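S.K.: Just dropping this structure here.
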Amino acid sequence: MRFNQYSYINFPKENVLSELKKCGFDLQNTANHKDSLETFLRRFFFTYQDTNYPLSILAADKKTDLLTFFQSEDELTADIFYTVAFQLLGFSYLVDFEDSDVFRKETGFPIIYGDLIENLYQLLNTRTKKGNTLIDQLVSDGLIPEDNDYHYFNGKSLATFSNQDVIREVVYVESRVDTDQKGLSDLVKVSIIRPRFDGKIPAIMTASPYHQGTNDKASDKALYKMEGELKVKLPHKIELEKPQLNLVQPQGQAELIAEAEEKLTHINSSYTLNDYFLPRGFANLYVSGVGTKDSTGFMTNGDYQQIEAYKNVIDWLNGRCRAFTDHTRQRQVKADWSNGKVATTGLSYLGTMSNGLATTGVDGLEVIIAEAGISSWYNYYRENGLVTSPGGYPGEDFDSLAELTYSRNLLAGDYIRGNEAHQADLEKVKAQLDRKTGDYNQFWHDRNYLLNAHKVKAEVVFTHGSQDWNVKPLHVYQMFHALPTHIHKHLFFHNGAHVYMNNWQSIDFRESINALLTKKLLGQETDFQLPTVIWQDNTAPQTWLSLDNFGGQENCKTFSLGQEEQAIQNQYPDKDFERYGKTYQAFNTELYQGKANQITINLPVTKDLHLNGRAQLNLRIKSSTNKGLLSAQLLEFGQKKYLQPYPAILSARTIDNGRYHMLENLCELPFRPEAQRVVTKGYLNLQNRSDLLLVEDITADEWMDVQFELQPTIYKLKEGDTLRLVLYTTDFEITIRDNTDYHLTVDLAQSMLTLPC
């Protein structure tokens, strides 16, 4: 384990003493260090009647147990302090470590022995081996009462609200959109779990079209075959209009009553970060949105009608929209328990909705935590003039996602009444998708949140993985740079795939978000501020560093690609083409081994490099015909240890999100040997070589100069490493699978790779 502590806040000494005293640690500034440590430990072991026993089973050094040490005349030393501290954090002395000073350096332990009271205070705020901070572990065990009131420690809310005796209710928010054109505003179901409290509380809201269930069968039927010819497009400039949103006004009167009438029973799934905040005094709201089970309207996937309906939930929390008790719209209930302050959470589609909501500038949205969220839907299902699929989901497109998330069809009555209209709407969507050309058009323009990024007022926290080929890193990169300069923005850029990171051992992500939301939503005045970029070092396990920016580097390193011309044959023998189509993983393996139709260029790294931003290929290239698809991947090549993209379980159900509440696994990205690691990749239709909005002719056998930016990333390379650039045509996981007989030729002498560093 390595310690990477970003959540700790330096408080004045009087605050430290006061907070310790409130938790029963009655330490005196004038006492000697040894006496203070003993006083601290006897309170620490509050679950024991006889505190001599837990002291006797800890060690001060290799010869002395802690009780014997306190009964001796020996002085407290730094070595003894560290030895005790590591044991309190769950490490076994003489098993996990033998020399505390060596272990302190190996783990990056954040505490430097000096002022003992401040050391102990920071120790309580430090994560244990099993994933909780020490103070959270003690509170979970009953250190302070579960009194349904707020208690703070180091600028973070503690788990002092009951997660058993909570209010569980359902309301139906009246949106300002009418997606199915029935003349009534769409209703959106809101599932609420909130702690009991006499005052007003903030809300954690997760906007998830998946929450009420998904129609997997209908979605699977809507998948496309990726086999087909790359279309030759007529040259033209793509014209666009400013997206429009038509809103509807509230209709009719509704009796105001005191409480919701529908009780929330089981929910499909909760998000463990939300679970963590519930006993800390934050309401949990789950909203599936228009076109989902128990709501009304069509599934408009990603457009501002969908976003508006989610926004209206925040409006209701602030008294600007109504919520009915049921679908009759006869009775309404106010969110009189809400303080109006909201944070959004969730990954993938959920993080996408956070991005979209932020761009409305809605009052009350204080923080978004957008994890692996889409910023422009074109870049999810298309790339540079190509029809593409999200990584791992070949054949998926917007209409199959619509079928997946239109969960109203899971209710037989809704299916009978509404499926015909839903299918008619879906046909319109299919026509607008334009799978023939892969070009950007008005449909995608209406789902581009970057256009409204200037409206963002909330503080923004992103998480994204360098190995996320589902929602690719371009999404967070573009959103990060599109935000207004005065906005506080933060990015946790890890080396995983499309995954959550709130239960990783190496980073205090939950505690950092607690500090932020306690400040922004509960009004605690602290100096807490996350760094702009928190990056997971790819060269070592469990190592995180603070950076000033994502991209924007002034320096670069250029690699020449060779001296000769090389060709890429597009067509495969039928047997190989069929085999790769059935198992794209086999294609990826053989591509990395140099066995596919490709140009492979190994580039020695002659000095340490820290890639930060978008690698760019400048290529002199020609096609043997009037079309061309170019794929590129940049690998770090060579057998060595690399961080793996998916977290592994270190210990099962050891993270406590409250008081024995929603226990979850402690995880981490493994660090183990592999033959290579993908650094970045990209795909380009050569007819869109100059600009996404410009379609140009390709003249057979005529040289073209192409600038091709790959996916943004942050990646460290050391002298002696090897980069491998792979250029090819069809990618059997991502692109259309065109097996026509043509080839691309690259003049390597007139081509180069540039890395921002």
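Just so it is clear, glycine is given a Cβ too, placed from its N, Cα and C backbone atoms.
Pulled these from Swiss-Prot:
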ACT_SITE  Ser348  active site, charge relay system
ACT_SITE  Asp468  active site, charge relay system
ACT_SITE  His498  active site, charge relay system
S.K.: Please report the distance from the Cα of Asp468 (active site, charge relay system) to the Cα of Ser348 (active site, charge relay system), rounded to the nearest angstrom.
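M.R.: Roughly 10 Å, rounded to the nearest whole number.
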S.K.: Between His498 (active site, charge relay system) and Ser348 (active site, charge relay system), how many Å separate their Cα atoms?
M.R.: 8
S.K.: Relative to the Cβ of Ser348 (active site, charge relay system), which residues of the same chain, six or more apart in sequence, are found under 8 Å away?
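M.R.: When sequence neighbours closer than 6 are ignored, Ser348 (active site, charge relay system) has Glu371, Ala372, Gly373, Asn470, Val471, His498 within Cβ distance under 8 Å.
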S.K.: By a 10 A CB contact count over all chains shown, which of the active-site residues listed here is most packed: Asp468, His498?
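M.R.: Of the active-site residues Asp468, His498, the highest Cβ count within 10 Å belongs to Asp468.
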